[in-house]
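What TrEMBL records for this protein:
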- Lys188: active site, proton acceptor (ACT_SITE)
- Lys188: N6-(pyridoxal phosphate)lysine (MOD_RES)
Amino acid sequence: MIPYGRQDITQADIDAVVSVLESDFLTQGPVVPRFEETVAAHVGAKHALAVNSATSALHIACIALGVGAGDLLWTSPITFVASANCGLYCGAEVDFVDIDSSTYNLCPKALEAKLLSAEKAGRLPKVVVAVHLCGQPCDMASIHALGQRFGFKIIEDASHAIGGKYRNEFIGNCRYSDITVLSFHPVKIITTAEGGMALTNNDALAARMALLRSHGITRDVSLMTHDSDGPWYYQQVDLGFNYRMTELQAALGVSQMQRLDTYVARRHELAKQYDTFLKDLPLVTPWQHPDSYSGLHLYVIRLQLEQVGKTHREIFEALRAQGIGVNLHYIPVHTQPYYEQMGFKKGDFPAAEQYYAEAISLPMYQTLPDAQQDEVVDALKKVLIG
Ligand SMILES: *Cc1c(COP(=O)(O)O)cnc(C)c1O
């Protein structure tokens, strides 16, 4: 089976991890800060906090932004559940904004319309989570302008997007957001096995997230309520978690970062080839906004089912049967049973549901050989046009 995504582990990665195993620190040593500095410098953010997953990063980002009971968090229905769950962790309510039918990202026009009615109802969101689906950045300038006008904070969920750019600047520099979150799960662009990161240019947010990552405990006397009792002393000044990244993970991350640009370039090469090979088939290839240089975590096609005498599911299963590990990103979050019990139902976000009825993620990862990409294309041709 050709998978839809997979990690690339080199001898340099293995050596980096082994050298940590032979060192004094497996956790809370020098390599996590080195990884943070490496990513922050690459993307152009002031602060980077490495954590054990993007889910954890989203959680502490929400707390740092003051999300709590009675608040609202809005995001796109076409995302991984974690982009929405972070609001629920904080006791907030979650709602969704439908997608733009060409980028599949949260639609700024739908956002504006929803904000106007929310303003009338006195129920404006505290935070909007903008998800850069497939690695293509959202229309951040518009979302940011709406944030200024309606007073909400912005988290970019860039789990798909490290190495991508928006208006010629790296995603992660937080020019249009308060916090940007990255994921280093093995299917993503670079990996630390499990891992995530929160990026911000705001000193106070960075300090709060640093506390939340490790139990709310500090050894910094300036944050304590009284002078230190002695060299052993620490204080718990907030209610935090154990969301720390290990030194092993960070070493893998530093090593993977050396190849980020070549990874993204190879993904672009593959995407261009797919665009060419698939252009006469009854499907829509991913449209890219001119402001965008995608990280290209995913390559999603949309089937033009009225031109094919088969269902979405039949096509998906036929591809799997031919050894093509296609996938579907994502099931609209509002149709998950956990969200349906909050009152969401099918029909609430029609553009997202239409997308879900047609979308298929094709294999897309840096080490996918051209010959295997050809197999994917041949299988698609066979299934769609016989
Ligand atoms: C993968 C992913 C996450 C969660 O990442 P983890 O590191 O596995 O917690 C969150 N949001 C999106 C959009 C993702 O794709």
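Yeah, the Cβs are placed from backbone N, Cα and C, and that goes for glycine too.
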Other C-beta atoms that fall within 10 angstroms of the C-beta of the residue listed as 'active site, proton acceptor': 24
Assigned conformation of Lys188 (active site, proton acceptor) - DSSP reduced to three states: coil
